[in-house]
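Working notes for the structure below.
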């Protein structure tokens, strides 16, 4: 690449980055993904490193970024609010450590303070003589915006400070500083964000794309009363200017901030062994979905302030800190088309067809659009650049459009009025978001999905039958209802491509074995609305046979523990339909078992009266095994978290259920906690207060003695 070409590319990169900075920092409306932005910045740094004569003072690599909006008064930060360099791999982290050790010298003893990197809005809070006098956003790192009135409305930000200490904190100052600038992150918990969006949607107002945008948009309101109504929170992570006291390390600073009354992330740790730092990063990357807030990485800082000063700052990045970035969970790509799928209950769901995009190491080509209201509220159009999110085991979904990238070619999309599979008019019940095809008996798309569900592992578990086989058998007219599965013949299957003698024999044997599945599995397979594994086992345990369940009145069903009015009404409605009763008789004629339950026999009443919700992946128990274990010891398992929930059992990649439990103050336990409850009638506190700092044999402090929030 010629010198002129390099200069042109550098100017192009700077222009792009400035534009993206403006949208991200000033408008709070990012138009590219973090991964795209990081790639541009990495390229610019590499080109400038190779051609230092082209570096200019106004390059994005030489200053922080952004320009404050004009609607708030500007605030000059007494010390720059620096950004952090990024590490994406273990090799990047080791390279950073090696640079630090090389600069500090071979005899340096280094400790590291690490914590999850919250995806919120950075602010600086200035206190004089213990009183909050000013609060400002980060802005461009040099100049921010005065949002004092709005920050005062956040309950977790103290308006006055009071120094306290305990014997274990004998290294902390016992007096208040004359001036202290506390830096931290304003954020919104995931559950609070979802509740806020629901409220805004119900009022017909614009909703937010993600918790960070919600926090930023809420904090930058001209009317503080609007901010006060938003569920904002604050975590302190450091200080700027400090006068009147002396602080010597990041670890001491965090404990002092906690003593002053600031919430500090309880997951902060201090290590002297860098291997522990690497393990911490790997652990949080694996369980990032366990957090009740959005986190996009881990921040690592050199603990000792004297070492920080010795290491200094290069351009916009301090040498003494780095951010380990998690793989992206969001990306921006183009929405090529919107199609619809018809489910087994007739619900018609819109689906986004996307330009393929990598998210967290997976190529995403399709994503959920949830329902018609979701599309309308976000004004999602075909041809839009859209934000796509993939988190944990959640199906990828479209967050919303990037309005700033529209060029006028985008087309609004209209939800169909008729079923794409059978042509029946779509209907929507009052109070529901879903449109349905109610042509239950004839719609081929619904039949395919019902067959898939009927043969699934949680139902009749027919090995060798799945989506492709269901579509083929329905298309060929071999299956007109799920009972027809049991009347398939070898000569019919032999006419189908790919079905040889061995495959036919295996499939027919699997179908024959399915006749003997317990009744609760058949109930699940029938697809009765609201009747899942636990409800089916409860029904069979209480009533014993399918005939008894079919004959039960709604009032009788409601008397069964765990079967409420909604579930009871759904069961009565299902069995009142002549087509469904005819299906049952056809299954009976096919020799399908109509009694028995697959759940465990009652072993004890240890968990009697307690209600559990399961979320995430447990270390050794499957979801079904954990549910069966709870039921066997007298407990009840439900699908949703409420104030009536006794415990939430959380494993890896727990999602919104965990967040809601934390919001409601529901006790959260892991698999070991569940087993402990079953083994004893005592109820150990699921979230004990943190003990004083412990030290392992390497001298690593394992737990910051902070309660957080």
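Cβ atoms here come from the backbone N, Cα and C positions, even for glycine.
On a predicted model such as this, the values are computed, not experimentally measured, just so you know.
Swiss-Prot lists 34, 35, 36, 37, 38, 83, 84, 115, 138, 185, 301, 325 with the feature NAD(+) binding site, giving sequence analysis as the kind of evidence. Counting only same-chain residues six or more apart in sequence, the Cβ atoms lying under 8 angstroms from the Cβ of residue 36 (NAD(+) binding site) belong to 332.
Per Swiss-Prot, active site, N6-AMP-lysine intermediate is recorded for 117, and the stated evidence type is sequence analysis. Around the Cβ of residue 117 (active site, N6-AMP-lysine intermediate), the same chain contributes 295, 296, 297, 298, 299, 323, 324, 325, each under 8 angstroms and 6 or more positions distant in sequence.
For 419, 422, 437, 443, the entry in Swiss-Prot reads Zn(2+) binding site, with the evidence type sequence analysis. Cβ environment of residue 437 (Zn(2+) binding site): 342, 346, 348, 419, 421, 422, 424, 426, 443, 445, 446 lie under 8 Å away, each six or more residues apart in the same chain. Following the DSSP three-state reduction, the secondary structure of residue 437 (Zn(2+) binding site) is strand.
The compositional bias 'Pro residues' annotation in Swiss-Prot covers 683-694.
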Sparsest-packed of the listed binding-site residues (34, 38) - C-beta count within 10 angstroms: 38
Cβ-Cβ neighbours of residue 443 (Zn(2+) binding site) (radius 10 Å): 22
Other residues, Cβ within 8 Å of 419, 422, 437, 443 Cβ centroid (Zn(2+) site): 342, 346, 418, 420, 421, 423, 424, 439, 442, 444, 445, 446
Listed binding-site residues (84, 419, 422), ranked by Cβ neighbours within 10 Å, top entry: 419
